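Contents: one structure, followed by commentary.
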Amino acid sequence: MKNMLKTTVLLAALTGLLVIIGDYFGGTGGMIIAFLFAVVLNFGSYWYSDKIVLKMYRAKEVSPAEAPNLHRIVDGLVMKAGIPKPKVYIVQSGMPNAFATGRDPKHAAVAATTGILELLSYEEMEGVLAHELAHVKNRDTLISAIAATLAGVVTMLAHWAQWAAIFGGFGGRDDDGNGGIVGLIAMAIVAPIAATLIQLAISRSREFAADEEGARISRKPWALADALEKLEYGNSHYRARVSDVQAKESSAHMFIVNPLKGGAVQSLFRTHPVTDERVRRLRAMKF
């Protein structure tokens, strides 16, 4: 219920943002066009956001014959978690990471990068996938996928506004002055902040909850703790290969650890809790 409320709020916020932009640049006609566009976008976000994210990372669905260990782990964990088996995907990237997506447990998918499969042991992968299945069980995946889609749209608007301002803008309501360009510049500044706030709406507390639930599913909290330490180090020292699929800022919150590097300012808006704290909590768990 809580996640459905967040989903509704996010979709309503996107509609409001687009209508305001439409009103600024096109008056009543612009508002109507923006509203219709928002309706289509909201529908697509709800039903297809998971497919958009998987396509964004060029994730390939794999069969038990293609990835036997991965399927063996998932098969064992879904029985313990009491949820349907999700589709299993692999992302061709040396970046060691994983994520889950899908609008509900019956339409879910888990994805692991080639980097994480090379880095972690069998039991550590159990810990990671148990965490991702906990997100599925807790129905975090819909709100995460929608947030990724909406953040991507907002970021696209920011880039559009930036280039429009550089090349003279569209005048907006104030065709005789600089109102249009000022509005575009304001949008270029505000939109990335809005995208970040969308991601922060996906509370960091859900990661702690998924860690705890994942540990209960696997019965191996130490395995997830070991995996998180390796992943934190692996992502901070990751060097992309030419063929690698790169992490997108709009969907960074979906991964088990933050795949993006950032300085002190970005840490204020981090989408994940500090890894050391997650590890400390996991190591304190007893079963």
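These residue numbers are counts, starting from 1, taken along the chain as shown.
Keep in mind that glycine also has a Cβ here, set from the backbone N, Cα and C atoms.
Taken from Swiss-Prot, the feature transmembrane segment covers 7-26 (among others), and the record attributes it to sequence analysis.
Outside the transmembrane segment (30-49) by six or more residues, the chain places 7, 11, 14-15, 18-19, 21-24, 101, 103, 142, 145-146, 148-150, 153 with a CB less than 8 A from a CB of the stretch. Under the heading transmembrane segment, Swiss-Prot lists 30-49 (among others), citing sequence analysis as support.
According to Swiss-Prot, the feature Zn(2+) binding site maps to His131, His135, Glu207, an assignment based on sequence analysis. Look at His131 (Zn(2+) binding site): DSSP puts it in a helix. Neighbour count (other Cβ atoms within 10 Å of the Cβ, all protein chains): 26 for His131 (Zn(2+) binding site).
The active site annotation in Swiss-Prot covers Glu132. In sequence order, Ala98, Phe99, Ala100, Val110, Ala210, Gly214, Ile256 are the residues near Glu132 (active site), counting only same-chain partners six or more apart with C-beta under 8 A.
Annotated transmembrane segment per Swiss-Prot: 150-170 (among others), in sequence order.
What Swiss-Prot lists as transmembrane segment is 181-201 (among others).
A sphere of 10 angstroms centred on the C-beta of Glu207 (Zn(2+) binding site) encloses 22 other C-beta atoms.
Same-chain neighbours of the Zn(2+) site beyond His131, His135, Glu207, judged by a C-beta within 8 angstroms of the site's C-beta center, are, in sequence order, Ala100, Glu132, Ala134, Asp140, Arg206, Ala209, Ala210, Asp211, Glu213, Gly214, Ile256. Summarising the environment of His135 (Zn(2+) binding site), the number of other Cβ atoms within 10 Å of its Cβ, over all protein chains shown, is 26.
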